[in-house]
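Trainee: Quick one: the structure is below, questions incoming.
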4 protein chains.
Amino acid sequence: MSRLEKVTTGMGEECGVFGAYDMDGGDVAPSIYYGLFALQHRGQESCGIAVTDTYGKRKISSKKGLGHVDDVFDEESLEELKGNLGVGHVRYSTAGGTRVENAQPLVINYVKGTLAIAHNGNLVNAIPLRRELEYTGAIFQTTIDSEVIAYHIARERLNVSKAEDAVKNAMKKIKGAYALVVSSPRKLIGARDPLGLKPLCIGKQGHVYFLASESCAIAAVGAEFVRDVLPGEVVSFTKHGIDSDMSMAIPGEQQARCIFEYIYFARTDSTIDGVNVYHSRITAGKALAESYPVEADLVVGVPDSGLVAAKGYSEQSGIPYGMAFHKNSYVGRTFIKPKQSDRESSVKIKLNVISEVVKGKRIVMVDDSIVRGTTCENIIKMLKKAGATEVHVRISSPPFLYPCYFGTDVPSNEQLIAHSHTTEQIRQMIGADTLGYMEVEKLKDMVGDLSFCDACFTGKYPMPVPGEDISHAFE
Amino acid sequence: MSRLEKVTTGMGEECGVFGAYDMDGGDVAPSIYYGLFALQHRGQESCGIAVTDTYGKRKISSKKGLGHVDDVFDEESLEELKGNLGVGHVRYSTAGGTRVENAQPLVINYVKGTLAIAHNGNLVNAIPLRRELEYTGAIFQTTIDSEVIAYHIARERLNVSKAEDAVKNAMKKIKGAYALVVSSPRKLIGARDPLGLKPLCIGKQGHVYFLASESCAIAAVGAEFVRDVLPGEVVSFTKHGIDSDMSMAIPGEQQARCIFEYIYFARTDSTIDGVNVYHSRITAGKALAESYPVEADLVVGVPDSGLVAAKGYSEQSGIPYGMAFHKNSYVGRTFIKPKQSDRESSVKIKLNVISEVVKGKRIVMVDDSIVRGTTCENIIKMLKKAGATEVHVRISSPPFLYPCYFGTDVPSNEQLIAHSHTTEQIRQMIGADTLGYMEVEKLKDMVGDLSFCDACFTGKYPMPVPGEDISHAFE
Amino acid sequence: MSRLEKVTTGMGEECGVFGAYDMDGGDVAPSIYYGLFALQHRGQESCGIAVTDTYGKRKISSKKGLGHVDDVFDEESLEELKGNLGVGHVRYSTAGGTRVENAQPLVINYVKGTLAIAHNGNLVNAIPLRRELEYTGAIFQTTIDSEVIAYHIARERLNVSKAEDAVKNAMKKIKGAYALVVSSPRKLIGARDPLGLKPLCIGKQGHVYFLASESCAIAAVGAEFVRDVLPGEVVSFTKHGIDSDMSMAIPGEQQARCIFEYIYFARTDSTIDGVNVYHSRITAGKALAESYPVEADLVVGVPDSGLVAAKGYSEQSGIPYGMAFHKNSYVGRTFIKPKQSDRESSVKIKLNVISEVVKGKRIVMVDDSIVRGTTCENIIKMLKKAGATEVHVRISSPPFLYPCYFGTDVPSNEQLIAHSHTTEQIRQMIGADTLGYMEVEKLKDMVGDLSFCDACFTGKYPMPVPGEDISHAFE
Amino acid sequence: MSRLEKVTTGMGEECGVFGAYDMDGGDVAPSIYYGLFALQHRGQESCGIAVTDTYGKRKISSKKGLGHVDDVFDEESLEELKGNLGVGHVRYSTAGGTRVENAQPLVINYVKGTLAIAHNGNLVNAIPLRRELEYTGAIFQTTIDSEVIAYHIARERLNVSKAEDAVKNAMKKIKGAYALVVSSPRKLIGARDPLGLKPLCIGKQGHVYFLASESCAIAAVGAEFVRDVLPGEVVSFTKHGIDSDMSMAIPGEQQARCIFEYIYFARTDSTIDGVNVYHSRITAGKALAESYPVEADLVVGVPDSGLVAAKGYSEQSGIPYGMAFHKNSYVGRTFIKPKQSDRESSVKIKLNVISEVVKGKRIVMVDDSIVRGTTCENIIKMLKKAGATEVHVRISSPPFLYPCYFGTDVPSNEQLIAHSHTTEQIRQMIGADTLGYMEVEKLKDMVGDLSFCDACFTGKYPMPVPGEDISHAFE
């Protein structure tokens, strides 16, 4: 699925988290702003920044809002966010339920002062944990898991002397996927779930430390990449330096990174757990070329997410790589969709075929997924109208068949064409000459030695999951 | 102090609360919207509406925002607020600390479902209560007392079978001023502090019940005024009718209604605890005429809050009542203040003297209070420039001398001219020919037999209060 | 008609014009901003300011927009309007056809540099003049008469050496009502039509000269009122002082000031052509008391426009004056109107009766006009419901019977209740006990010796007018 | 210059024009909206749509505003633009002087009714023409050439019976570059300057005819490309069909298409005068490879405008094509620029190098131009930091050396690095290993047999031009 299709299907992305701590006392809000820009692809519904200082009143200033980073923040509001310690968040968009109350970071006052929490991921035991908390008199003001996490940190904090220990103890209770960035009055804390489902990494520039969902955000603020936070690790940054606690870690072969980060979520210029995303997608393209070779004249990718895999297909197959599409970069959120029943028009406005390139040619068209198939069908029509003699579709992920409980907002089964149709049926429906999906067995080539989670393709979940979809349980 | 001066001094007003429950299942958001309009004078910083239904999913929909009621709500957003049970709130503006997070109603999920709370008033024991809650693991996301109240209701709810009993039990712990409007999944609940510091009343139109801070809001929605909620009373509206619990009530002579509601806060067309506000202000004007008679040609009021007392002065003294001022009703929040050092200009833009009316006349000018004295001084200058030969100032409240702990945001002592100057000194500073403040002893005439709180004038608080100002304790 | 009713009927107001010239070179945009605030009651659709300097590049900076003065301008935009010579405009709202293109001042480049024109009034020969201009190749970009005036000034300017002479020569061609404020590269020019239909006056503060539709705007900027621009006069302000040209003036008894300025348009604190508006309305009230005496207990005015005439009625009749209504000052432009068929609700939200005042009393209710009668009917109902035993309605203007061709946007005949009903029929329809309209013969008492235009009541136009309504001829 | 650099240098783009006429009477505003979306790359400052109908009142409805197409129009405003005949415009952004008054289409009333004009290009004799018009009493309300054109059409229209003849006669007076789309009450008219400096083409879908700056906009609305409007041609569409007038045409070899359309302005999926833009850029890349061969491992393009030429270089040289950059598509207009002196940061946020791709490689980096050189320098630094061992820069246009008088807003000489430095000096300044600019002699290969204008590189203007820059003459 190209990002193009996503807009219409409401397929959700992840969230992005970012944290910064300047040991020299400089303001970190500008860096967080730029860091969130680099993570904007992980969530466009809402965003927020919360900063505090480690030397003065340690009061938290925060601003959150619906929309993109540059919708929510302007120079004046950045100016007002004073402090050398802070966290930021971008949240993905869901079909309904857009509420500013659910924007992160979550900022709380608790027994030890203030806390700001930014969270990427989904807990699988959020419902029983909430219930349990409610039975001790807890009240909830949002529908996000972060509030459950905050309560646990607050309660654990009563028994331990360090905030990072409260985070660690809270991790013993919460189950699921999480990359956490937390600012306590004097510390920046990062934590990653033991399975490593969600990514988190560390950067450094001079006396400033950074935490980010992806390394591209470290690069965007001009910092050096230090290393990934390890699955199960709790890292804390204070004026005394970095501390690490690995007591929640599990053996590497039990870890389960989300393979979809490599296929689709992450930016091509990010490197996660040592595996470069660009490289990973080139590999996927090559695997497709091996699995589904075809005689053709040109390999083209559907912008933007199919481009790299297309390059890989081209490299492996020797078939030249070409640019068949012009994507209109001005089609944004406030674009008014055509009313005509013909959905083709909507695609046309966003994407146009360069006839010169495809005329008279046999085309291999690579994309990262097929959701409902209509966008794919329309693009194939456009290619053929422009003179392509054949269109061979290659998809760089296996078909989605199972729900994700860890934060990937996969469309419901009814919307997923792969759920009720065979590949051959889909091929006919979209009008492709041939169609090949990435083979599940070859996913491992994308990430080298890393162990990963491919439950959305296989149904093999890395931990017990509830029987039904919990993604909107509290709304 | 006319509302004119307030804008520049940041003297706070109360908040306003409103609730509605349609037993026939009709949507109540439009009524709440119109009710809040009628209460807008009680708070302009932020507002909000939260609705639920008593028959279906009992999910709460809410919208809150910074600004006036017509800034925050439009037809589309009202349309989306579906439900036959709801509460609304308008919040007063303070100099700083404007945060959308603090907007009400507070909407929470707790052990028994959802709860929306709108609160007017201030608790005097909020700090120890918060601290106590934090030591049991509570987290706070706002700086408003309502969150403390919510926690207590949630915890009490674990032990009782009815939401109104949880409210009552919470009232045993919270001390201070409160008018509460609460929607639980199936009920609308209203509660008023035992002293009756803050007003609350009941209205009815067909099968719809209303709760409102002032009766003017009942009239605005076209309903009949039923009665005031009594000090210490908890009322609840369900599909079975109204229930009342008076177990928290105290003897009438111990009650302590805020006298400032009658002097300034409330709308002239409201009636609180049986005393009509218009009548009360006429009485104040008459009292001033008795206390400080003077030979003069015309009595004028400073718009809008001095007009009724001026009428009373005129009636008692026999000196004709006149309209000396044109107030520019277009000067709103986004008005750019003049930069000139001369503060007079700012007054001039908002208020102009009709020379024709005052030329060659001895004027009695009535206003409701003097804060810093500069506005008063400027108005007197304008009157004299327009030809008034004498200006005798009469103020319908005694001088502020003590802080209020119950929600009235009186300016700090340094800003209050009365705090460090005698009446004669003030008279000279503002350039009045004579100056008379309402006598504390005559305040009782304004409210008939009701017992009331005049601590801001006398320092006699109706309950133990903390030693220092707590109004911004959590910010 | 109270302003209340206006909102719903779309009865238009005038426009307001303002000009300023600082001989010392100071920026005038802030003064124009405050001047327009004081004229905001003359027009709320759009506004604009255009400034230039008389010493430097003489380039015009301007900003125009839809909305109130404080919607269109903020500190930043005022800051950018640099120049010591400028004009401003507020435009009235019409039902449809709101176009920013029609906002004034009109800013043009022509043979002698730049010109900014602000115009209040309507030409009766705009159509033939436009046609004539078009036949010489003119193009029109707006539907406002100011463009026709601008063309004539530009063409006349080719033949004369002074801009004010071009204005004067243009006045020989244009027929109708106009108060003009024009900035040429080095001069501020004011002109008023020979009949004096529209007001215009001069103010001065130090080295700064002002032109304004009403004297209240002169007062608002802290300047001294100098004198009215005379009907037919052209005044010009240069660095050498003021010049006046009276060659277009006509004898005083032929002049025809718009009587509606005194009845309704102008602010009570303005004085036009020597007659104070407050005084004029007091006189109207007195005339009503003479024409239609009645036994009653209280005289009340409908806020805000009926208040002064009510005072006059009270003074003449000896019946006490009372405040029967609370007007909600927060009901603004973005207010969502109730959907119920019962129009009463809309009135209720804006206006509430203070029962205490009217209970058991016979009321004389004074307003300035009746358009459709529904608002009046609803207010009477409210008074009776609140306990008034009788309601005697007095209207301080005669019934509208004829269209205005000079800029007053009187509702069409179908909307005017007076057009098709007798006074007795109207009395029954609105539910009044008695009803009396201002007698046409007594209008002259309102304005002393001044000759005036009362064509909307009598059909006696002060100049030949076209046979049909021309108010929207170019739209 | 990549579009990236443009943002900071303020280098202007062209404008885009669009027109539509539905012979069956359907509304054309939606099509114009989508057409303008496809032309958005030609101008982002302001846009507008003006529609009329050919059967009813023939009144023009229009909406213009500052910002992108989706900022200015929403569903409601599109809905209100009723009519089967209309024109649209997108305007480029300049550093200052952003005025909504200058937005197009220009909508006028003139002797024959209404006219809406959208214009792309610059007249070289606009100043004398304006002056001449002013001396006959013309007034100007904007600083755009379109107003001069409108006056000429209006005046010519007095002497001819058809609007298209008035356009043709106006063309005899105006000199310079223009693609015009005009709606007269019953016709859609298109015209192109005799040199063909600006593009314009015709499309058709059923009974709807279209005019557009580029063929990509024809494709976006789902229409078929019919043909280009020829240089010097006037085409008109009425209910009777198409008419063409070629009397202003000149011999093909004298024509002078703007070569920069092919190098940079136009979208790669457009075809102008028979030459496909994608193909043209591939050719440019090949020419660079021939002129400046180098031993290297990878050819990369700077997104987005250098990508195609990079592909061409790769094809010709046999060096593999690679994707070295991730461009952040969320960095938009309201992005807050970093305050650090180091300009590198700003580039970093917009563009990031994929180290995996460039590490250890000798890189050929292709871009379309160099303006100040700072962006280029920063990108080279990033490549080297990421491990590139050599960076060979190839620029697909010759150095800018002369001002453009036809509408291309080339930065002033001081800003242009090529103006005061040799290629070798530039190479050193930007830190490239080698640097090669497109050779002027090879430009012709890009456009086949077409004659073109390359004056900005050679100073050989296709018509006499004024001695100084006229681009902001009227501001």
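Each residue, glycine too, has its Cβ placed from N, Cα and C.
In case it helps, TrEMBL gives these features for our protein:
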| type | residues | note |
| --- | --- | --- |
| ACT_SITE | C:Cys15 | active site, nucleophile |
| BINDING | C:Cys258, C:Cys404, C:Cys453, C:Cys456 | [4Fe-4S] cluster binding site |
| BINDING | C:Ser305, C:Asp367, C:Asp368 | Mg(2+) binding site |
| DOMAIN | C:15-240 | domain 'Glutamine amidotransferase type-2' |
Trainee: If you count Cβ atoms within 10 Å of the Cβ of C:Cys456 ([4Fe-4S] cluster binding site), leaving out that atom itself, what do you get?
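Mentor: Around C:Cys456 ([4Fe-4S] cluster binding site), other Cβ atoms within 10 Å: 22.
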Trainee: Residues other than C:Cys258, C:Cys404, C:Cys453, C:Cys456 within 8 Å, Cβ to Cβ centroid, of the [4Fe-4S] cluster site?
Mentor: C:Leu197, C:Ile259, C:Phe260, C:Phe406, C:Thr408, C:Asp454, C:Ala455
Trainee: Just to confirm: which same-chain residues, 6+ apart in sequence, have a Cβ under 8 Å from the Cβ of C:Cys258 ([4Fe-4S] cluster binding site)?
Mentor: C:Ala177, C:Leu197, C:Lys198, C:Phe265, C:Phe406, C:Thr408, C:Phe452, C:Cys453
Trainee: For C:Asp367 (Mg(2+) binding site), what is the tally of other C-beta atoms lying within 10 angstroms of its C-beta?
Mentor: 26
Trainee: What is the nearest of the binding-site residues C:Ser305, C:Asp367, C:Asp368, C:Cys404, C:Cys456 to the residue listed as 'active site, nucleophile', using the Cα of each?
Mentor: C:Cys404
Trainee: Can you count the other CB atoms that lie within 10 A of the CB of the residue listed as 'active site, nucleophile'?
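Mentor: The residue listed as 'active site, nucleophile' is surrounded by 27 other Cβ atoms within 10 Å.
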Trainee: Across all the protein chains here, work out how many other Cβ atoms are within 10 Å of the Cβ of C:Ser305 (Mg(2+) binding site).
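Mentor: Result for C:Ser305 (Mg(2+) binding site): 25 other Cβ atoms within 10 Å.
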Trainee: Expressed to the nearest Å, what is the distance separating C:Cys404 ([4Fe-4S] cluster binding site) and C:Asp367 (Mg(2+) binding site) at their Cα atoms?
Mentor: 21
Trainee: According to DSSP, does C:Cys456 ([4Fe-4S] cluster binding site) sit in a helix, a strand, or coil?
Mentor: helix
Trainee: I need the CA-to-CA distance for C:Ser305 (Mg(2+) binding site) versus C:Cys456 ([4Fe-4S] cluster binding site), whole Å please.
Mentor: 19
Trainee: Given the binding-site residues C:Cys404, C:Cys453, which one's Cβ is surrounded by the fewest other Cβ atoms within 10 Å?
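Mentor: Minimum Cβ neighbour count within 10 Å, taken over the binding-site residues C:Cys404, C:Cys453, occurs at C:Cys404.
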Trainee: Rounded to an integer, what is the Cα-Cα distance in Å between C:Cys456 ([4Fe-4S] cluster binding site) and C:Asp367 (Mg(2+) binding site)?
Mentor: 18
